[in-house]
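Each remark here refers to the structure printed beneath this line.
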Amino acid sequence: MRDGVTGDKAGGEWAAGAAAGAHGGGALAWTEELPERQRRQFERYYEMLVDWNQRMNLTGITEKQEVYIKHFYDSVWIRELPAWREVMKPGACAVDVGTGAGFPGLALAICHSDCEFVLMDSLNKRVGFLQAVAAELGLSNVQVVHARAEDAGRDKAYRERFDCVLSRAVARLNVLMELMLPLVKVGGMAFAYKGPALDEELAEAEGAIQTLGGGVHRSVTFTLPQGAGTRTLLCVPKQRKTPAAYPRKAGVPQKSPLAPRG
Ligand SMILES: C[S@@+](CC[C@H](N)C(=O)[O-])C[C@H]1O[C@@H](n2cnc3c(N)ncnc32)[C@H](O)[C@@H]1O
């Protein structure tokens, strides 16, 4: 199967250009287009990931080709979307909620030295790893924050401050929207990286999207190189301010997700 963007639920124009940039070939083929400095940074990131992984749980995937496809490429293919380029102009600021070992935020920070990336996670052990990688790679555009997204969303240093909020593999959409949307500026975008099946999760999350200030969302499906699977990205524009009652206290969105309809 050819890799690349294969669909857009809200109209073809939105994903236009993405398929043209799709990559075939081997697991590392996509890195050939990168400047030498970025290629070296990904190489060193990989080495540190497998080294630190012996001492802490960072990833279940350690084989090089797999890491390059399922972590690195999976994180950065978003750059081909017009919707991404629209919000991530030079000087823009993104936050990755529940970044773990840095996916997708740290991988994107390597590719966008002209934008700022905040990597947020509630687990302090991972924060140490991220700081070490950012220092080693000389990424001055990265700030690592140990926080729960619910607390950050109520803190004026972070609330509605970001052009873009990213998140991969953190929670179901009805919970995730409450972690992400309060952090997005009006006019910005939330990008949720998801697996192949989105419809059921999306139906559950419509109420949360509406309540939290989200607008008409779009999704795009793409296939990773070398038959490594299909992924869906949900893009939710922030249209209105999030009401002051949200996000609720840490843990509440998980225990009592917002109702499916607003
Ligand atoms: C399954 S890992 C995914 C990590 C990474 N995004 C990836 O795709 O490889 C989920 C991460 O989300 C973090 N997390 C979970 N709930 C969170 C919250 N409310 N605020 C911040 N981080 C959270 C966890 O500590 C963990 O590192």
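Backbone N, Cα and C define each Cβ position, glycine as well.
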Additional site residue, R79, R168, R172 [criterion: listed by TrEMBL with G98, F103, A149, E150 for S-adenosyl-L-methionine]: R168
Maximum Cα-Cα separation in Å among residues G98, F103, A149, E150, R168, which the record lists as binding S-adenosyl-L-methionine: 19
Other CB atoms, at most 10 A from the CB of F103 (S-adenosyl-L-methionine binding site): 25
Composition by DSSP (helix, strand, coil) of residues within the region 'Disordered' (240-262): 4 helix, 0 strand, 19 coil
